[in-house]
Amino acid sequence: MANIDLHFHSRTSDGALTPTEVIDRAAARAPALLALTDHDCTGGLAEAAAAAARRGIPFLNGVEVSVSWGRHTVHIVGLGIDPAEPALAAGLKSIREGRLERARQMGASLEAAGIAGCFDGAMRWCDNPEMISRTHFARHLVDSGAVKDMRTVFRKYLTPGKPGYVSHQWASLEDAVGWIVGAGGMAVIAHPGRYDMGRTLIERLILDFQAAGGQGIEVASGSHSLDDMHKFALHADRHGLYASSGSDFHAPGEGGRDVGHTEDLPPICRPIWRELEARILRPAD
């Protein structure tokens, strides 16, 4: 299977590269199809699509929606969306409006733990205050020398129970899937191997996702081991879900796979991009 990367990020959300830069970086691997999926926003899609067209690379409009499901935060990728669809645009805006207040609370929590200046420091890494995230705090903490690398900063400060973690109510699973499908796209559970869930809880998530109208699961992910990939291929097959593939690239040197670099899906999988042919933006001949 040719490289197909349907999950990566730009500076429009919490990536380190502009939409053009991240497409140019992916182009070095001669991908067959790309989709930019910034968190809770679609502002980088036009630039990314234009960059892909210049490079002769087929492109899908995408987004990654933050969801609260029970006590868990999960992410739902939307592929082949119309970013101008009013319900999707309004829903994403409602999510973004809560990010800045959460960031202020994170900064105050870190200051109470003895690390001052984190909110202002994180803002310097963020082009759009509406999109400030844990990743921007993490980059500040690494850059300031407080922590040696991104993996350590999340483990030490930015996960549940740690000083810089602030819980937040994101979109419901039903709303997120509804916005995506209503905008002409297909909804995909992103990087399921990252969630702190056992088999029973993952099964429940999949069933709730399908009941909401979800259609796919990210089998090949920069967050997944080969064992994870084969496990979620079996989940996809058992539940009749399409399989997707994405690097979840954010920045050079921050771990995981580089943009445009994905594993082949196991043979039992039904690739989701075959169902999205009509939504693919293809370079002019």
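Positions of Cβ are set from backbone N, Cα and C atoms, glycine also.
Note that this is a predicted model, so its numbers are computed, not measured.
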Among His250, His261 - the residue Swiss-Prot places in the same substrate site as Asp14, His39, Arg99, Leu100, Glu101, Arg102, Arg134, Thr135: His250
Of His72, His75, residue recorded by Swiss-Prot at the Mn(2+) 3 site of Glu64, His191: His75
Record-annotated Mn(2+) 1 site (Swiss-Prot): member among Asp228, Asp237, Asp248 besides His7, His9, Glu64: Asp248
Neighbour tally for His9 (Mn(2+) 1 binding site), based on other Cβ positions within 10 Å of its Cβ: 25
Fewest Cβ neighbours within 10 Å, where candidates are the binding-site residues Asp14, Glu101, Asp248: Glu101
Among Asp14, Arg99, Glu101, Arg134, which are recorded as binding-site residues, the nearest neighbour of Asp248 (Mn(2+) 1 binding site) by Cα: Asp14
